[in-house]
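Have a look at the structure below, then the notes.
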Amino acid sequence: MKFLSVLLLAAVLLTGSSSRKLTPGEGFVQVNGGRIWYKIVGSGKGVPLLLIHGGPGSRSCDGILAYSTLGNDRPIIFYDQLGSGHSDRPSDTTLWRLPRFVDEVTSLRKELNLKEINILGSSWGGSVAVEYMLSQKPKGVKSVIFAGPLISTARWMRDAKILLSKLSKPVQDTIEKYENLKLYDHKSYIAATDSFNIQYLSRKPGVRVSVADCDKSAKSNREVYRYMWGPTEFNATGTLKTFERAERLHEIIEPVLFITGRFDEARPETMYEFQKEIPGSKVVIVENSGHNKVRDNPEAYLAAIRKFLKERN
């Protein structure tokens, strides 16, 4: 009996079965303020990849089918942040704080017993990822991918000013006029912002990404976006307007990849600035792409992610 116990212990240590095996499926995790929805796809044996979607107030379903192609290598974990997608939608604005969003990652790891993990934070998801790494100093994170990340609002706004200057003079004048009037819902302002979006957000606006889970219950939350960020991508008026973590990037010791589109509003030049703060980190530029890389050039985008993860795991 003693010999059998030793064999069983050895098997546990060798196979890692002391951690609960991830199986494809979905569920909910209780967090401060409500429940957040998650979905696991893929049965590869690699270290799982946790995807933190953008926004604030966006949803995970837009990228599920595309990112799921990485599931042959490893489990892919999607989740909707509180307030959006399939997760609960409380109206309490005190919940819309960065530390609480960071706590969601901690809760997910605990619920799913994710002792080892890779993290991909996209856009605002990059804010959650960088704050998680800096504030929690978590163990077991094998690598971090920042995809067009918001790491410094000051630099984001600097980049936005540069990109706005490349639009036509009438468009610039219209944006300036209605921002001064704070008429962000005026049809002329919306039309002008579309000129920015088609250049730097998604360069294929007429091409809809096939999605399996973006049903009527998985809505974005514009109120959260405006409260935390502002009326448009290039006008930060919310609680994130002073967000700044670039000067602390050097504290991250895990392998890091910065990935952005050639025409991304998170400009390549800024990604190279961030790279200098983290020794050994890498930058990949996805050609023919704006901020929405999974729509504009999914093949190149996903290939870069797969390559980085295989090299690091």
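Numbering starts at 1 and runs along the chain as it is shown here.
Each residue, glycine too, has its Cβ placed from N, Cα and C.
Annotation source TrEMBL lists signal peptide at 1-20.
Sequence annotations record features per position, and here TrEMBL assigns domain 'AB hydrolase-1' to 48-292.
Annotation comment: TrEMBL describes Ser123 as active site, nucleophile. Long-range Cβ proximity for Ser123 (active site, nucleophile), meaning a same-chain Cβ under 8 A and a gap of 6 or more residues, is found for Gly54, Gly55, Ser58, Ala147, Gly148, Pro149, Leu150, Ala266, His291.
Positions annotated as active site by TrEMBL: Asp264. Counting every protein chain shown, the number of other Cβ atoms lying within 10 Å of the Cβ of Asp264 (active site) is 27.
Feature annotation from TrEMBL assigns active site, proton donor to His291.
A simple way to gauge crowding: the CB of His291 (active site, proton donor) has 23 other CB atoms within 10 angstroms, across all the protein chains here.
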